[in-house]
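Chemist: Pasting the relevant annotations from TrEMBL:
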type	residues	note
DOMAIN	19-616	domain 'Major facilitator superfamily (MFS) profile'
TRANSMEM	12-36	transmembrane segment
TRANSMEM	56-76	transmembrane segment
TRANSMEM	88-108	transmembrane segment
TRANSMEM	156-181	transmembrane segment
TRANSMEM	193-220	transmembrane segment
TRANSMEM	240-262	transmembrane segment
TRANSMEM	314-333	transmembrane segment
TRANSMEM	353-374	transmembrane segment
TRANSMEM	386-406	transmembrane segment
TRANSMEM	499-525	transmembrane segment
TRANSMEM	537-559	transmembrane segment
TRANSMEM	589-611	transmembrane segment
Amino acid sequence: MTERTPLPGKKYKFTINIFVLLMVLVIAVQGTYLGYVVGMLTTLEKRFGFSSEKSGWLLSLYDIGHTMAILLIGYIGSHYHLPRITGIGVILSSLSMFMLALPVLFYGTADYTQEQLLQKKEAYAMEMRCDVNSLREISSQGEDCWREHNEHTNAFIILAFGQLFAGIFAAPFNTIAYVYIDSNVKQKRESPFLLGLLTSMYAFGPALGFLLSSILNGVYTTLGDAPDHIGTHDEHWIGAWWLGFLLCGSAYLVLALPFFFFPRTYKHPDSFHLMLEHSRPQVSPEDRLSFKENVELFLREFPMVLKKLLSNKVYITMVIAWMFGSYLIGGYQTYLPKFIETQYGRSASMADIYSGIISVGAIAVSTALGGWILSRYNIAPRSSIICLLGSWVVILVSYIIGMNLGCSQPKVEGLSYVDYADRWHFYHHQEREQQCLEYCNCETILKFDGVSMNGQNFYSPCHAGCTDYDVFSNTWSNCQCVYGNSVEKGLVHPECDIFFAYLAVMMIGLFIGNLFFMVTMMIVLRSVFDEEKVIALSLASFITNLFGFIPAPVIYGFFIDLCCILWNRQCPNERGNCVLYDNDKFSKMFHGVNSFFQIFAIIFAGICYWVSKSVKLPEEMPMVEFPESREREYRDEDEE
């Protein structure tokens with residue numbers, strides 16, 4: 001089998017750069033979608049009545065799909081045309097984006113018209129006011145709960161499959177596309193910069209996604225005028241959540257076509273399957289393996305390849321370090337908007353913007369800069385691991401500082417901390433002990449609807465003793481617990497000027513801490529031979545997803561829920577979502593969990609450095625011995 005003659009230098013470099021540029025744009029769209037989903041979670045919860053637990057599953061389903069496909073893509077990528085597989089993945093990803101927008105076609109942009117909204121507000125007034133005549137029953141929300149369960153279940157199923165397919169179809173982006181670039185660059189020293197550029201887009205992209213979600217959250221879901229007297233802070237406001245998915249799907253379609261015009265390889269047949277064929281007697285085209293024989297070959301040799309990779313100590317220790325390091329994205333960055341919103345009293349849209357600033361200002365810029373530094377100064381693999389260790393220590397220090405830069409949570413009337421029980425207690429069923437609430441029947445109120453006046457917060461208008469509600473101005477008045485005055489919607493947070501100090505600490509810490517994150521991928525690729533790179537990177541992504549990105553939202557969500565002190569029980573016998581956290585506990589828990597995983601990332605990166613000192617990496621082997629040793633290795637395995 002003859003090898004493709006390399007292209008002339010300038011044309012060769014130009015073509016590779018075009019492929020890199022296309023992948024930068026594709027990953028930017030992918031990252032935008034990932035950030036957009038996080039930024040739109042609250043809107044999806046309001047529109048389709050999702051609980052926080054369901055929202056967490058939506059996030060995890062993407063990584064579950066990615067994990068399901070990654071090893072299969074690795075094997076296919078070792079046998080077939082890498083750019084075309086990538087192009088097919090881009091087209092199918094666009095279809096998954098359109099699928100995520102399907103609920104708007106089936107269920108409409110909003111679940112009520114202006115007339116229905118007026119009726120809804122009148123019902124809301126009856127349900128939330130101080131009920132002096134004791135007409136309200138605790139089961140009054142039963143009809144809404146039944147509707148929520150039946151009408152929105154199908155919408156969740158559609159979104160769930162959309163997320164799952166999006167993860168499956170994106171599998172080629174950060175595996176075979178990376179290997180195609182790494183295997184075809186003329187000089188290996190260029191690889192870290194180019195791959196770092198691609199990886200940085202996984203941070204730039206979510207920042208764009210947060211910005212897009214912030215913009216579209218300010219656009220009413222019908223793209224027209226919102227119903228009268230409904231503003232962006234109203235609980236009935238629904239942003240144009242579906243439009244972002246259509247934009248991402250359209251962008252994917254535009255970028256897909258050029259991938260089908262790239263050659264399979266520029267320099268050599270980059271295929272593990274071809275490498276095995278070279279070690280065996282050559283066969284004529286008529287004697288090529290059938291599909292059944294190819295499947296049998298896969299079942300026989302794939303476990304052998306996995307065994308070789310898992311026994312590679314440098315490779316597996318760096319993969320484990322990479323896995324623990326992934327909790328920075330899967331956990332910290334996922335819940336950062338929620339942390340900023342609850343800890344510092346920022347709106348959801350502003351929390352998205354600040355999270356995007358940290359993503360761009362710290363993670364994205366530093367990843368790209370770190371890749372350039374590795375390429376510019378041609379830092380050796382072992383020296384780069386030391387750089388990685390130092391930068392990850394800085395992240396750990398920033399977490400420790402960040403956990404002490406929190407604010408106090410809003411104080412709510414009737415909510416108090418019980419020392420002997422080590423828990424917070426809200427006076428449900430004891431409201432009548434308060435003189436202003438004696439005849440209000442507030443114990444039947446399940447849903448949280450916070451109101452305030454002059455820094456004094458109440459669980460609901462009923463708990464403020466309010467009897468009058470203006471459906472047009474959306475204000476409550478004649479509130480007995482504030483001496484007959486009016487109250488404002490929403491809770492008032494105590495003054496806290498430490499947010500920008502937190503922002504500065506985390507930006508500096510994450511900037512330095514992610515400067516050499518590309519070392520993880522570089523060591524994974526440098527610790528294996530060329531024909532093993534596709535499956536090695538696929539296995540690394542599989543492990544990172546299975547033990548990192550998939551459980552991260554669930555683990556963080558579990559610990560964050562432990563910090564909740566007030567739940568919004570919208571339906572009887574349901575806990576609902578958390579509306580108020582113990583901020584001090586939240587800050588320490590959030591950063592403490594991050595610190596825990598970061599410590600293990602540092603430990604395994606240190607083990608990788610120690611192991612690498614006693615072995616030769618493939619690129620360090622003499623070129624004269626390299627082909628013979630590899631041919632002998634595979635021939636011996638075939639004979640066994």
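Backbone N, Cα and C atoms are what each Cβ position is placed from, and that goes for glycine too.
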Chemist: Is the count of Cβ pairs under 8 Å between the transmembrane segment (499-525) and the transmembrane segment (193-220), pairs 6 or more apart in sequence, 3 or more?
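Modeler: They do touch: at least three Cβ pairs between the two stretches lie under 8 Å.
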Chemist: In the same chain, which residue numbers or ranges, 6 or more beyond the ends of the transmembrane segment (589-611), come under 8 angstroms Cβ to Cβ?
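Modeler: Sequence-distant neighbours of the transmembrane segment (589-611): 313-314, 317-318, 320-322, 324-325, 327-328, 331-332, 335, 339, 382, 385-386, 388-389, 392-393, 395-396, 399-400, 402-403, 523, 555-556, 559-560, 562-563.
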Chemist: For the transmembrane segment (12-36), name the stretch out of 56-76, 240-262, 314-333, 353-374 with the most CB-CB pairs under 8 Å.
Modeler: 240-262
Chemist: Is it true that the transmembrane segment (353-374) and the transmembrane segment (314-333) have 3 or more Cβ pairs under 8 Å, skipping pairs fewer than 6 apart in sequence?
Modeler: yes
Chemist: Quick one: mean pLDDT on the domain 'Major facilitator superfamily (MFS) profile' (19-616)?
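Modeler: Averaged over the domain 'Major facilitator superfamily (MFS) profile' (19-616), the predicted model reaches a pLDDT of 78.
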Chemist: At a C-beta cut-off of under 8 Å, are there same-chain residues at least 6 beyond the transmembrane segment (156-181) that contact it? List them, or none.
Modeler: 16, 19-20, 23, 26-27, 30, 33, 37, 44, 48, 50, 54, 57-59, 61-70, 72-74, 77, 82-83, 85-86, 88-89, 92-93, 95-97, 99-100, 102-103, 106, 191, 194-195, 198, 202, 270, 521, 525, 533-534, 537-538, 541
